[in-house]
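Feature annotations, courtesy of TrEMBL:
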- 20-402: domain 'Major facilitator superfamily (MFS) profile' (DOMAIN)
- 21-40: transmembrane segment (TRANSMEM)
- 52-75: transmembrane segment (TRANSMEM)
- 87-106: transmembrane segment (TRANSMEM)
- 112-134: transmembrane segment (TRANSMEM)
- 146-170: transmembrane segment (TRANSMEM)
- 176-199: transmembrane segment (TRANSMEM)
- 220-240: transmembrane segment (TRANSMEM)
- 246-263: transmembrane segment (TRANSMEM)
- 275-296: transmembrane segment (TRANSMEM)
- 302-326: transmembrane segment (TRANSMEM)
- 338-359: transmembrane segment (TRANSMEM)
- 371-389: transmembrane segment (TRANSMEM)
Amino acid sequence: MKTRGLMITKKSTVDTQARPMYWLTLSSLLLVTGAVNLQVPLYQHYAEISGASHTISALAFAAYVGGLVPILLLFAGASDRLGRKPVVMLALLGSLAATILMSVFPSMGCLFVARVLQGMGVGLGMGTVTAYLSEQRPGAEKTVSAHVALASSLGFGGGALFTTVSLMLLDTSLPLSFVVAMIAMAIVLVAMPFAPATVRNKDSALTRLPKFLPGSAAPYLGICAAWSVSGLVIALLPAQLAKHQLASWAGPALFLVNVVGIVCQPMARKLSPGINLAIGALLIPLGYLIMIRGASAGNVPWLLVGASVAGAACYGFTYLGGLTHIVERSGSEKARSVSGYFLFAYFGFAAPSIMMGVVADKTSISAALEVFAYGIALVHMLLLLMIFAPARLAPLFRRDAQ
């Protein structure tokens with residue numbers, strides 16, 4: 001009994017000591033994702049001072065993928081070889097460097113470089129932090145995936161809102177949000193060496209491709225389509241709102257896309273991945289349509305309602321449903337599998353924005369946003385068929401139909 005009591009006490013002590021490090025690790029993801037959209041409220045300003053077209057602005061936004069995709073494609077298994085902690089620190093360094101660059105040299109040209117660094121940070125951090133947290137809390141995959149979804153959603157949305165509020169309080173070329181983010185990242189970098197060490201697999205190749213799980217076409221398509229809406233909000237919506245002198249409302253709209261998803265995540269955790277994806281397939285086209293109608297008419301309430309409806313899926317039902325599907329089925333390959341999931345997510349995040357930027361330059365912003373509405377509706381009709389009638393799509397998705 002005495003030995004048993006000592007064992008319980010020891011376990012409790014270890015858990016108590018490990019808990020702060022778990023939250024420290026999670027905070028690194030919050031900061032890396034938060035840094036990504038810190039500059040969003042200033043995009044229109046950067047475009048105006050640089051005389052950039054819609055296509056150039058969209059390319060600057062999408063340069064993020066230029067840093068992220070090579071990491072996901074070539075170094076998805078880096079943390080298996082090098083250890084989780086060093087890779088998380090590299091992710092933080094990339095995000096910190098990007099924020100410093102935009103603080104010192106605020107321009108469209110530097111935005112290209114900063115977006116690449118931000119992409120590298122997220123590419124290194126997302127899958128690695130997920131795997132690192134899973135190792136710190138073994139057997140708690142659903143809890144870990146929920147925490148990852150919460151931190152990344154709050155980061156992606158909160159960064160833009162933080163800068164919007166900072167500019168409202170003090171209109172300056174160096175928003176308070178930039179300063180706070182840089183200090184916070186520096187603090188976490190200093191504390192990260194004290195996080196738990198992980199076992200390195202020396203036999204694991206440094207360069208490894210992401211892993212794509214069979215039977216997961218629906219989650220991949222779902223997150224690709226969902227995040228394409230988020231990308232449009234960042235890349236093109238500010239220009240549409242600027243026609244009504246409402247460009248500053250892009251930040252709150254992006255925040256709602258993210259934060260409403262966070263609010264919906266507790267409900268989504270109680271549902272199966274398939275049901276979550278189906279709910280998302282209904283909400284995203286509806287929310288996007290309401291949002292662009294509000295933006296076109298200069299109607300802020302409709303804009304925010306649409307952002308909220310779409311956000312419930314973008315970072316709630318669709319996001320968490322797909323992530324849970326991947327984490328539960330990835331076994332010991334969590335880092336590579338999660339990287340594969342986010343590869344699809346970020347393809348959707350960037351590619352449609354570039355295409356719609358070209359359409360906007362040839363026609364108009366309003367026309368580009370409406371063309372995208374038809375595309376997003378068709379994609380989600382296909383997604384519903386994949387979920388509820390996979391046999392009908394067997395010739396195209398035989399592996400899913402089995």
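Using N, Cα and C of the backbone, Cβ positions are placed for all residues, glycine too.
Note: the stretches the transmembrane segment (52-75) and the transmembrane segment (220-240) are in contact (3+ CB pairs below 8 A, sequence gap of 6 or more). Tertiary proximity for the transmembrane segment (220-240) is limited to same-chain residues at least six positions away from its ends with a CB under 8 Å from its CB atoms, namely 37, 40-41, 43-44, 47, 54, 57-58, 61-62, 156, 160, 212, 247, 250, 253-254, 257-258, 277, 280-281, 284, 287-288, 291-292, 295-296, 307, 310, 313-315, 318-319, 321-322, 341, 344-353, 356-357, 360, 365-366, 368-369, 372, 376, 379-380, 382-383, 386. Counting same-chain residues at least six beyond the ends of the transmembrane segment (246-263), those with a Cβ under 8 angstroms from any Cβ of the stretch are 37, 40-41, 43-44, 149-150, 153-154, 156-158, 160-161, 163-164, 167-168, 229-230, 233-234, 237-239, 291, 298, 300, 303-304, 307-317, 319. Note on the transmembrane segment (275-296): residues 218-219, 222, 225-226, 229, 232-233, 237, 240-241, 253, 268, 302-314, 316-318, 320-322, 324, 366, 369-370, 372-373, 376-377, 380-381, 383-384, 387-388 of its chain, located 6 or more positions outside it, place their CB under 8 angstroms from a CB of the stretch. Ranking 21-40, 146-170, 176-199, 338-359, 371-389 by CB pairs under 8 A with the transmembrane segment (87-106) puts 176-199 at the top.
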